[in-house]
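In what follows, a structure is listed as structure tokens, so that the remarks can point back to it.
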Amino acid sequence: MGGDLCNRRSMALAGGVRVVLVLALALALASVHAELQRFEQPVKPDGSLSFLVVGDWGRRGDYNQSRVALQMGRIGEKLDIDFVVSTGDNFYDNGLTGELDHAFEESFTNIYTAKSLQKQWYSVLGNHDYRGDAEAQMSPVLRRIDRRWLCLRSFIVNAELVEIFFLDTTPFVKSYFTDSEGHTYDWRGIKSRKSYIANLLKDVESAVKASTAKWKIVVGHHAIRSISHHGDTQELIKHLLPILRANSVDFYVNGHDHCLQRIGDTESPIQFLTSGAGSKAWRGDVKETNKGNVSFFYDGQGFMSVRLTQSNAEIVFYDVFGEVLHIWNAPKQHHSAI
């Protein structure tokens, strides 16, 4: 196994070098201001789509990460999932040190080994990922080590039935720039926070407005609404939420808080879905003042599944043992927060 791992890493480095300059140039140009990169994701023959959502997980199997992964594999097989979404904080505590950091295999490749999880993983960056080499997670070298991995700052997955808009939310949070609490953040791809946010919001608004998909889902690391440790993200409430409300977005999916929760918006049918319980959890602090419109909250480890058809969305939350904690069905024609 050690020889295979070394060979895989050597091949990844050799092959990655040939394309990394081209991709790096493309990403650099895209970061200035351009339409979000799109990826096509086929649906099942019956037109439906199923996927899992997990966040805040990369701890080399510790804090029940391996147990959660085991149950993800079981549920993934049952649902015949099409892909997996990661809501960020992919590698603790401080991201990756570089493209060949062993933490990539030790926290990802060697943990999510079930056959059902050998599908595409679509990932965003979290604040802990920015504390390391953020550029490494977006490198084609990692995709050569493990073909499942796809992580970019912001992008779109188009599956006909649904469009999923993945957003880089960490730069929105001003305190990471003004009060880093001793942490170092990798802001190499963000020369001006103000311009970066303005351009991203413009791209997102244009994309969600133009979308004709039956369902619209936005994924980011930070919560818009949360009753757990970190609470609401005021910068997202101010800048992003109005765009989601104005463009019939169905769900906003996030991690950051190490829990599972479903909260309804007060002014639209949007549901805020947190799946950030992929490993360390049980913080035990709940913000009593934010409990309005909370339909479900669980402080422990687990993950979430989503199954979409033309007429219905089924959201299911599971604990570390794979037991169902909460099921919510949203008929599209009546899509309400009831």
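Glycine is no exception: its Cβ is also placed from the backbone N, Cα and C atoms.
Now, the feature entries from TrEMBL:
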- 1-34: signal peptide (SIGNAL)
- 50-259: domain 'Calcineurin-like phosphoesterase' (DOMAIN)
- D56, D89, Y92, H258: Fe cation 1 binding site (BINDING)
- D89, N127, H221, H256: Fe cation 2 binding site (BINDING)
Practice item. Using C-alpha atoms only, work out the spacing between H256 (Fe cation 2 binding site) and D56 (Fe cation 1 binding site) and round it to an integer in Å. Key: 7
Point to revise | Distant-in-sequence Cβ neighbours of N127 (Fe cation 2 binding site), under 8 Å, six or more positions away | key: G88, D89, T170, V173, Y176, Y185, H221, H222, H256
Practice item. Kindly state the mean pLDDT of the domain 'Calcineurin-like phosphoesterase' (50-259) in the predicted structure. Key: 97
Check your understanding: Taking the binding-site residues one at a time (H221, H256, H258), which has its Cβ surrounded by the most other Cβ atoms within 10 Å?
Key -> H221
Study note, to complete from the structure: For Y92 (Fe cation 1 binding site), the nonlocal same-chain Cβ neighbours (under 8 Å, six or more residues apart) come out as G58, R59, S107, H128, S279, K280
Review point. Relative to the mean position of the Cβ atoms of D89, N127, H221, H256, the recorded Fe cation 2 site, which additional same-chain residues have Cβ within 8 Å?
Key: G55, D56, T87, G88, L125, G126, H128, D129, T169, T170, H222, G255, G276
Check your understanding: What is the Cβ neighbour count of D56 (Fe cation 1 binding site) at a 10 Å cut-off, with all protein chains included?
Key -> 30
**Study point:** Cβ-based neighbourhood (8 Å from the centroid) of the Fe cation 1 site, residues D56, D89, Y92, H258 excluded
**Key:** G55, W57, G58, R59, G126, H128, G255, H256, G276, G278, S279, K280
Point to revise | Neighbour tally for D89 (Fe cation 1 binding site), based on other Cβ positions within 10 Å of its Cβ | key: 30
